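**Q** The structure that follows is given in the form of structure tokens.
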Amino acid sequence: MYSTTELDTEQTIAAIASPPGAGGRGIIRISGVDTLEVLAKFLSEAQPELEIHRRIAQRYCCSIPFGASKAPLPISLLVWPGTKSYTGQPTAEIHTIGSPPILESLLTKLYQWDIRPARPGEFTMRSVLAGKMSLLQAEAVLGVIDAESERELDQALTQLAGGISSTMRTMRDTLLSDLADLEAGLDFVDEDIDFVNRHDFLQRLIGIEAELAAMCESAERRMLNRVHFRVVLAGLPNAGKSTLFNCLAGQQALISDIAGTTTDYLSATVTHSGMQLEILDTAGWELDQSGISHSAQIHRQQQVAQADLILWCSSANLSTEEQVDDENRFSELMTVEIPVVRIRTKEDLQGESPSGQCEIAVSVEKNTGIEEVWQLIADRYESRKSQRSELLSSSAARCRDALERARLNVHSARLLAETTAGDELIAEEIRGALRELGMILGQVHTDDLLDIVFSRFCIGK
């Protein structure tokens with residue numbers, strides 16, 4: 001769809017940029033070299049008459065005759081006449097009443113003046129091609145639009161601000177400078193001139209390799225991170241997991257005094273205090289591994305392995321034998337790298353305390369300890385949030401392999417630089433790293449790459 005050889009990026013384009021449907025305000029965006037000429041035709045009957053400034057970005061207000069009745073339609077114009085616009089081209093936005101028939105009628109009028117409809121994401125693509133933003137920042141635009149939580153929005157805004165792009169540009173500039181010195185040395189190989197200080201060059205390569213390794217890890221972590229923070233309820237059969245699940249999830253799972261009522265697992269998506277959570281109620285940990293029970297234990301193991309937080313439920317009315325089993329199972333869980341917290345459930349029932357220490361005592365019947373559970377989840381949620389990747393998941397999926405290839409190129413260059421290898425071999429590895437970083441940032445692009453990124457955008461962005 002996006003071929004830089006077939007797509008005329010200078011031709012003026014237009015599209016509705018406001019959300020679909022009716023609204024208080026509708027926006028039509030125009031961009032291209034003929035934007036000001038098109039506006040002059042569009043405003044030929046405007047009242048009052050307008051003269052668009054050809055150097056300074058300004059806002060204009062007027063009305064134009066609309067429809068068969070020529071009724072005055074109020075519009076507001078935002079005009080960027082030069083290259084300091086979002087797209088790096090003369091750009092304008094027409095703001096008016098958010099009525100779909102009105103917006104479509106205005107677009108039809110614009111299209112008669114050699115303007116073509118914009119393709120999905122084409123305004124942002126032009127921004128990338130003009131060097132106004134990197135490909136990572138372009139993906140962040142979509143991330144901001146699609147964000148469903150404060151966490152996702154914060155991550156998209158961070159990437160849009162260009163932090164990680166700036167780091168990659170700095171690495172790329174350093175490698176470009178080193179490559180220039182290496183190639184200069186190759187051009188003057190017969191001269192007794194030391195263009196590259198091997199010690200300093202090695203130190204720079206070591207630093208860049210470490211940064212790329214950290215970025216690879218960040219991208220991998222982002223690929224593994226789910227949108228929802230996963231809280232898994234685990235424990236022996238009849239430990240009160242389903243009752244607590246119902247309370248936290250606001251659902252009605254089947255509960256019973258009979259052990260093993262939950263034979264698979266239950267899942268609910270919950271938004272609480274801005275947190276997007278997935279809460280899972282798993283089957284009880286049993287010694288019996290036959291039939292349905294065996295299948296349930298496999299499901300339970302899978303859910304526990306994918307948890308962000310495990311709440312181990314220890315019932316307040318355990319027998320002495322059950323307490324031993326409970327302690328053994330809890331100790332097994334403590335060996336995993338996932339945070340595990342022990343909760344004393346059924347606090348309203350009489351019985352001996354579990355042998356282990358419990359952080360929170362809960363009684364759903366008496367509604368005690370529930371707020372403490374939510375606070376515990378919030379603390380762990382914030383802890384994971386502070387370790388978030390700088391990359392959006394869409395960017396991580398695209399960048400992960402390229403980052404790893406760039407790291408391997410730099411690693412090979414470092415190994416070669418530590419020996420007496422010729423500069424031409426080192427230069428080739430540096431070129432490979434530059435090519436991969438350029439692909440990530442959009443400084444080196446292919447039609448397929450543009451297609452992957454911008455086909456996910458809506459028209460008008």
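Glycine residues also receive a Cβ, built from the backbone N, Cα and C atoms like all the rest.
Note that this is a predicted model, so its numbers are computed, not measured.
Feature annotation from TrEMBL assigns (6S)-5-formyl-5,6,7,8-tetrahydrofolate binding site to R29, E93, K132, K461. Residues or ranges marked as GTP binding site in TrEMBL: 238-243, 256-262, 281-284. Positions annotated as Mg(2+) binding site by TrEMBL: S242, T262. The feature domain 'GTP-binding protein TrmE N-terminal' is assigned by TrEMBL to 12-132. For 135-458, the entry in TrEMBL reads domain 'MnmE helical'. According to TrEMBL, the domain 'G' annotation covers 230-330.
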**Q** Counting Cβ neighbours within 10 Å across all chains shown, tell me which of the binding-site residues E93, K132, N238, K241, S242 comes out on top.
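**A** Most Cβ neighbours within 10 Å: K241.
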**Q** Report the DSSP secondary-structure composition of the domain 'GTP-binding protein TrmE N-terminal' (12-132) as helix, strand and coil residue counts.
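**A** Looking at the domain 'GTP-binding protein TrmE N-terminal' (12-132) with DSSP, the answer is 28 helix, 43 strand, 50 coil.
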**Q** What is the total of other Cβ atoms whose distance to the Cβ of R29 ((6S)-5-formyl-5,6,7,8-tetrahydrofolate binding site) is within 10 Å?
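**A** Cβ-Cβ neighbours of R29 ((6S)-5-formyl-5,6,7,8-tetrahydrofolate binding site) within 10 Å number 22.
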**Q** Where the distance is taken from Cα to Cα, which of the binding-site residues R29, E93, K132, S242 turns out closest to A283 (GTP binding site)?
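**A** That would be S242, nearest by Cα distance.
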**Q** Could you round the CA separation between S242 (Mg(2+) binding site) and E93 ((6S)-5-formyl-5,6,7,8-tetrahydrofolate binding site) to a whole angstrom and send it over?
**A** 54
**Q** Can you tell me the mean pLDDT for the domain 'G' (230-330)?
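**A** Mean per-residue confidence for the domain 'G' (230-330): 75 out of 100.
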**Q** Compute the C-alpha separation of K241 (GTP binding site) from E93 ((6S)-5-formyl-5,6,7,8-tetrahydrofolate binding site), stating it in Å without decimals.
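**A** Given the Cα positions, K241 (GTP binding site) is 55 Å from E93 ((6S)-5-formyl-5,6,7,8-tetrahydrofolate binding site).
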**Q** Note down the number of other Cβ atoms within 10 Å of the Cβ of A283 (GTP binding site), including every protein chain shown.
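**A** Looking across every protein chain shown, the total is 26.
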**Q** Would you identify the secondary structure of A283 (GTP binding site) according to DSSP, in three states?
**A** coil
